[in-house]
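Read the structure below first, then the notes.
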Amino acid sequence: MKAKTLIDAYEAFCPLDLSMEGDVKGLQMGSLDKDIRKVMITLDIRESTVAEAIKNEVDLIITKHAPIFKPLKDLVSSPQRDILLDLVKHDISVYVSHTNIDIVPGGLNDWFCDLLEIKEATYLSETKEGFGIGRIGTVKEQALEELASKVKRVFDLDTVRLIRYDKENPLISKIAICGGSGGEFYQDAVQKGADVYITGDIYYHTAQEMLTEGLFAVDPGHHIEVLFTEKLKEKLQGWKEENGWDVSIISSKASTNPFSHL
């Protein structure tokens, strides 16, 4: 089948025009006219995922994080550039779905809500009329530490960071969540009455500002977005069966999380 057939189906579900302004999105390398027999879904494109794609004879990679985010001035061989050069050398096309999969109803932030049993979820921060990034909803009343433990468990994490002073452990019931690095949206969580905000990459001073505003937070890291790989694989497999596509779909097993904890 042609790559375009699969991508057209994906964009019917998750349109590119939902992406935030200035985002990198869509086909980034290769051609939509190429024949594809194997597709791999990954969160990131690093040397390990490229090696995995080459080993598995992948024709198309669908990634959340673009391998080219800033303009390139050259493609001279280097450890970073070789990631791209290897993709070109092995004729592997790359398609990027970044903030549009965060925003689309039934996408990544809704998958997070399903895992954490967040009910009555609506968007956190409006990006265009009727759509927004992040989600805010309710859970049964519980202690902050109980929620943090659940986040650790469902995302299979060694640790999470709690944003609180003096080991406070308040009861919470209204939760905001945004995958990736969502610190910039914390004011939306405050304005909409959230007790706690779950997001990654929270900066030191942002954490202090949150607490001053009465907002607690749980920082599970950026890498919880890896949920994208298995959930999108499930969706593509469903479309494959419905449409009789002759293509194999795999999710990356390579680790791209650069952090670990002692």
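Numbering starts at 1 and runs along the chain as it is shown here.
Cβ atoms here come from the backbone N, Cα and C positions, even for glycine.
Keep in mind that what you see is a predicted model, and the values were worked out from it rather than measured.
The divalent metal cation 2 binding site annotation in Swiss-Prot covers H65, H222, E225 and rests on similarity to another entry. Summarising the annotation, Swiss-Prot assigns divalent metal cation 1 binding site to D102, E225 and lists similarity to another entry as the type of evidence.
Cβ environment of H222 (divalent metal cation 2 binding site): G180, S181, G200, D201 lie under 8 Å away, each six or more residues apart in the same chain.
With every protein chain in view, the residue among the binding-site residues D102, E225 whose Cβ has the most Cβ partners within 10 Å turns out to be D102. In this structure, the CA atom of E225 (divalent metal cation 2 binding site) is 10 Å away from the CA atom of D102 (divalent metal cation 1 binding site). Counting only the Cα atoms, the space from H65 (divalent metal cation 2 binding site) to D102 (divalent metal cation 1 binding site) is about 12 angstrom. DSSP assigns H65 (divalent metal cation 2 binding site) to coil in the three-state reduction, placing it in neither a helix nor a strand. Its Cβ placed at the centre, H65 (divalent metal cation 2 binding site) has 19 other Cβ atoms within 10 Å. Other residues of the same chain near the divalent metal cation 2 site, with their Cβ within 8 Å of the Cβ centroid of H65, H222, E225, are L43, D44, K64, G179, G180, S181, G200, H223, V226. Secondary structure at D102 (divalent metal cation 1 binding site), as computed by DSSP, is helix.
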